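> Sharing the feature lines straight out of TrEMBL:
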type: DOMAIN; residues: B:5-342; note: domain 'Aminotransferase class V'
type: BINDING; residues: B:R40; note: L-glutamate binding site
type: BINDING; residues: B:A75, B:S76, B:W99, B:T147, B:D166, B:Q189, B:N231, B:T232; note: pyridoxal 5'-phosphate binding site
type: MOD_RES; residues: B:K190; note: N6-(pyridoxal phosphate)lysine
2 protein chains.
Amino acid sequence: MIKHNFSAGPSVLPKSVMKQASEAVLNFDDGLSILEISHRSKSFVEVMDKARSLALELLGLEGKGYKALFLQGGASTQFLMVALNLLEKRAGYLNSGTWADKAIKEARIYDDIYEVASSKSANYNYIPKGYEIPEDYDYFHCTSNNTIFGTQMKNFPKSPVPMVCDMSSDIFTRQIDYSQFDLIYAGAQKNMGPAGTTLVVVKEDILGKVSRKIPSMMDYKLHISKGSMFNTPPVFAVYVSMLTMQWLKDLGGIKAIEKENEKKSSLIYSEIDLNPLFKGFAAKEDRSNVNATFTLENENLKETFETMLVEAGISNVNGHRSVGGYRASMYNALTLDSVKALVEVMSELESKA
Amino acid sequence: MIKHNFSAGPSVLPKSVMKQASEAVLNFDDGLSILEISHRSKSFVEVMDKARSLALELLGLEGKGYKALFLQGGASTQFLMVALNLLEKRAGYLNSGTWADKAIKEARIYDDIYEVASSKSANYNYIPKGYEIPEDYDYFHCTSNNTIFGTQMKNFPKSPVPMVCDMSSDIFTRQIDYSQFDLIYAGAQKNMGPAGTTLVVVKEDILGKVSRKIPSMMDYKLHISKGSMFNTPPVFAVYVSMLTMQWLKDLGGIKAIEKENEKKSSLIYSEIDLNPLFKGFAAKEDRSNVNATFTLENENLKETFETMLVEAGISNVNGHRSVGGYRASMYNALTLDSVKALVEVMSELESKA
């Protein structure tokens, strides 16, 4: 049976990538496994260099003063590194979801953090708009997509200070002007690869301006100077991320995948809006193209619906506990056919009800 | 041709582990890949729990107040976390190698760090001994094995304060009383698994005693309270580490592998001592059982020797640039046959010379 994995992350990767990764575990270079080669070997240095250049190329940031790094520790470690590297006096954060809230909490250890706007009191079902970013802030931080709530920033403010964006759930999924950001970070495990590495893309000229002594592993400048190999990198996770970015490039890049992603999200949101059994959670204008959140209006149908999902090979559509209901995560590697399978079950439930 | 991979890390893993890991990339649970399953799924939570309990079991630390964590960022991040979690006023470090020196440098950002002893002026070719550890230190930090120099602590001091040990290169390789340590950490990529995760084993009662606010990702207590899943863990690296620990347990644990490791190191050191072409780098009493460092006395034979190594399928025996010469890393998964192959080449070179 074909499996339709709607997991919010770690999540589905392209079949061809999984196949190549599986083979590399047995034989990557001259009979040696990708798991046993030195990270200083010529073959792995090539992988790291290619991963770094593919990231910039896909985002349209080549030759614009940016560097790409593949670090460890997830977005949660970036909450800390952003503050350590950029926060001198005060910064502004957009509180649009659980992860934004966590980023604020971490940065507050180091200095004054202001929320420029928040949708927390509405359980984050919309993206705050119409706020000001003061010119004396060290930086402004936002979250492009809120995985848990299914909201996504469709526009970004014109910031008078460096703009930092957590793109963990929607990097590489849509065409935007990535050069409006000064620092972008994203855990790999949604659109880029397996869990275990985090992409950081940073404009070099915003670094080196804080007075604190930054610990080595937290220092972007040091990681840049060492070509993202200050210490042993997560070799396998970087390799699979490189394969996934190469897959995306071969498909036609972000432009091509965006079209697919729009088909997928249009299909599911049409069903949510037209099928009286379901109701969307997020404000319509802020609906995420990668995480669709919705509830089943009639609780009596829950068991039937969930049995039908299992029978159709659909997994991981349960909503996050802070929202409830269902969530369909439709990252780059999830196929349109998987969304069709889900929509069919939703539609079939209506005809049964 | 059989490959003999003497890499200093990332390094060779058991063949059976590589095979299982390769299969799990295609199908780990019910048709889903280990790369695409949720870290909150029942099947992965079982992997994480098993990895944590196997680590304590193998080290003989079950039921003794210790917790095992699988974190990210390598030993280099532990240099920082140890200081953040344990350093209130001052601590003592044994400076026995490059990594110990780096650990000292990182901890100095936070407070006073004293070197209880150092072999730096001798290019770390021996392990300092006969030092005192003052009772008013917050902790004492040492490095059990120095990968670059091929030295290993055969005995550990009786410390009046918590003892922290970086065991990145020799954890699980020899029978010692692991309960003499209060905190042990080790990057996976030598004796435990692929690069991308770091084992931390910590006695809970030493935590929670510093006054600083510890950032979430740096906080051992928080990671313990979340079962090593505060954020998305490096799923694949933890899985392969679990497989490798299970392989070791099935072999008979540390007791059984220690015998093999002793055979391997006896064989290479005998050859180094008996073959007039070679000379050991480390002081004899401090020689490492996992990294043998040696030089070729006659530079004219270098090319011949290295050609013979390649022809025998032997790779990654070049010494670190700070020592020069050669280094044979003989971690748990390197077979006695690989050491025999290397010794044969060394012996053959003598007969040719």
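Cβ atoms are placed via backbone N, Cα and C, with glycine included.
Quantities reported herein were computed from a predicted structural model and do not represent experimental measurements.
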> Say we define neighbours as other CB atoms within 10 Å of the CB. Which of the binding-site residues B:T147, B:N231 has the fewest?
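Taking B:T147, B:N231 as the binding-site residues, the minimal 10 Å Cβ count falls on B:N231.
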> Between B:R40 (L-glutamate binding site) and B:S76 (pyridoxal 5'-phosphate binding site), what C-alpha distance do you get in Å?
27
> Considering all pairs of residues in B:A75, B:S76, B:W99, B:T147, B:D166, B:Q189, B:N231, B:T232, annotated in the record as contacting pyridoxal 5'-phosphate, what is the maximal C-alpha distance expressed in whole angstrom?
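The pyridoxal 5'-phosphate-binding residues span at most 31 Å between Cα atoms.
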> CB neighbours of B:W99 (pyridoxal 5'-phosphate binding site) within 10 A?
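Its Cβ shell of radius 10 Å holds 21 other Cβ atoms.
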> According to DSSP, folded down to helix, strand and coil, what is B:A75 (pyridoxal 5'-phosphate binding site)?
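Helix, per DSSP.
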> What subset of the recorded positions B:S76, B:T147, B:Q189, B:K190, B:N231, B:T232 has a Cβ sitting under 8 Å from a Cβ of chain A?
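Listed recorded positions passing the 8 Å Cβ cut to A: B:S76, B:Q189, B:N231, B:T232.
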> Tell me the coarse DSSP state (helix, strand, coil) of B:W99 (pyridoxal 5'-phosphate binding site).
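Going by the DSSP assignment, B:W99 (pyridoxal 5'-phosphate binding site) falls within a helical segment, counted as helix.
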> Restricting to the domain 'Aminotransferase class V' (B:5-342), report the mean pLDDT as a whole number.
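Mean per-residue confidence for the domain 'Aminotransferase class V' (B:5-342): 97 out of 100.
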> Just counting, how many other CB atoms are there within 10 A of the CB of B:S76 (pyridoxal 5'-phosphate binding site)?
21
> Within a 10 Å radius of its Cβ, which of these recorded positions (B:R40, B:K190) has the fewest neighbouring Cβ atoms?
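Comparing Cβ neighbours within 10 Å for the recorded positions B:R40, B:K190, B:R40 has the fewest.
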> Roughly how many angstrom lie between the C-alpha atoms of B:A75 (pyridoxal 5'-phosphate binding site) and B:K190 (N6-(pyridoxal phosphate)lysine)?
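Between the alpha carbons of B:A75 (pyridoxal 5'-phosphate binding site) and B:K190 (N6-(pyridoxal phosphate)lysine) there are 12 Å.
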> Which secondary structure state does DSSP assign to B:N231 (pyridoxal 5'-phosphate binding site), in the simple three-class scheme?
coil
> Just jot down the residues in the same chain as B:Q189 (pyridoxal 5'-phosphate binding site), at least 6 apart in sequence, with C-beta under 8 A of its C-beta; none if empty.
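Those within reach of B:Q189 (pyridoxal 5'-phosphate binding site), by Cβ under 8 Å and sequence separation of 6 or more, are B:G9, B:P10, B:S11, B:A195, B:G196.
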> Could you list the residues of the same chain, at least six apart in sequence, whose Cβ is under 8 A from the Cβ of B:D166 (pyridoxal 5'-phosphate binding site)?
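Those within reach of B:D166 (pyridoxal 5'-phosphate binding site), by Cβ under 8 Å and sequence separation of 6 or more, are B:A75, B:Q78, B:W99, B:A100, B:A103, B:H141, B:C142, B:T143, B:S144, B:Y185, B:A186.
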> About how far apart, in whole Å, are the alpha carbons (Cα) of B:T232 (pyridoxal 5'-phosphate binding site) and B:K190 (N6-(pyridoxal phosphate)lysine)?
23
> Can you tell me which of the binding-site residues B:S76, B:T147, B:N231 is spatially closest to B:K190 (N6-(pyridoxal phosphate)lysine)? Compare CA atoms only.
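Comparing Cα positions, the candidate nearest B:K190 (N6-(pyridoxal phosphate)lysine) turns out to be B:T147.
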